[in-house]
């Protein structure tokens, strides 16, 4: 199968996962703030930090380039969404809700960077374990 097809399949899986999770979060917390997008971006950031480190050449898990592209470009590229974050922030600004817009920008940036770092740290710990 072509690499592009693997990435497309991963993207389809990731986008369906994003739609489901962000919808559940929005149902639970409401839509006055883009909680669903924030949650999927933070979760996706943790997973990519973890997976990238775990499957790096010195990592514990041997995954080929196709598998890495399937997960990181396809699944996680479809799961996370910078464009929705941008549009939702713009909509908050257009509605005059500067506080929530600023909170979305700062919160997303800080939480996603912390999440990718925590994912990396978790995989470093797993990579350092002895044995299988």
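Counting starts with 1 at the first residue shown.
Quick reminder: no glycine exception, Cβ is built from N, Cα and C everywhere.
The Na(+) binding site annotation in Swiss-Prot covers 77, 80 and is backed by sequence analysis. Residues or ranges marked as transmembrane segment by Swiss-Prot on the basis of sequence analysis: 5-25, 32-52, 70-90, 105-125.
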Residue 80 (Na(+) binding site), number of other Cβ atoms within 10 Å: 22
Same-chain residue ranges lying at least 6 outside the transmembrane segment (70-90) that approach it to Cβ under 8 Å: 6-18, 34, 37-38, 40-41, 43-45, 47-48, 51-52, 63, 101, 104-105, 108
Cβ atoms near residue 77 (Na(+) binding site) (within 10 Å, other residues, all chains): 18
Per DSSP, three-state class assigned to residue 77 (Na(+) binding site): helix
